[in-house]
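Chemist: I have a structure here, written as structure tokens, and I will follow up with some questions on it.
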Amino acid sequence: MSATRRVLVLQLCLMALSGCYCQGTLIESLESLKNYFNSSSMDAMEGKSLLLDIWRNWQKDGNTKILESQIISFYLRLFEVLKDNQAISNNISVIESHLITNFFSNSKAKKDAFMSIAKFEVNNPQIQHKAVNELIRVIHQLSPESSLRKRKRSRC
């Protein structure tokens, strides 16, 4: 197994273990995955972390939702690649279920919508046309003024 895969699995383990409420089956699945990729070895820990250093830097600013969504997307894509491996498929299912429960509020529809965005083909002219057409609304929704108005309305 490549060192990159080992590091990825280790990062997933650390993310999942950072919550004190982890279930026994989740911990067992993480340990099994870690053993499968031999992520406990020192070569998996060499150099910078894959995701955690970036995450820590974003946490200093207090705005991690965007980065969290990228990290979750990364792991879901990783699981998609690894799901056919019979030796670890059950462990991946347990971990993926945990991520869906915590990040997507246990909504498979939200997860599917989230993943569909990652699969858009940016070279497709029709996708480009629609994306540019929707861009002004997206920017408006993301602007600080828009969120400020939403907060003011919710207080009333």
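The backbone N, Cα and C atoms fix where each Cβ goes, glycine too.
What Swiss-Prot records for this protein is below:
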| type | residues | note |
| --- | --- | --- |
| SIGNAL | 1-22 | signal peptide |
| MOD_RES | Gln23 | pyrrolidone carboxylic acid |
| CARBOHYD | Asn38 | N-linked glycosylation site |
| CARBOHYD | Asn91 | N-linked glycosylation site |
Chemist: Which whole-number value in Å describes the distance between the Cα atoms of Asn91 (N-linked glycosylation site) and Asn38 (N-linked glycosylation site)?
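Modeler: Distance between the two Cα atoms comes out at 15 Å.
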Chemist: A 10 Å Cβ contact count, applied to the glycosylation sites Asn38, Asn91: which residue has the minimum?
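Modeler: Output over glycosylation sites Asn38, Asn91: least Cβ neighbours within 10 Å is Asn38.
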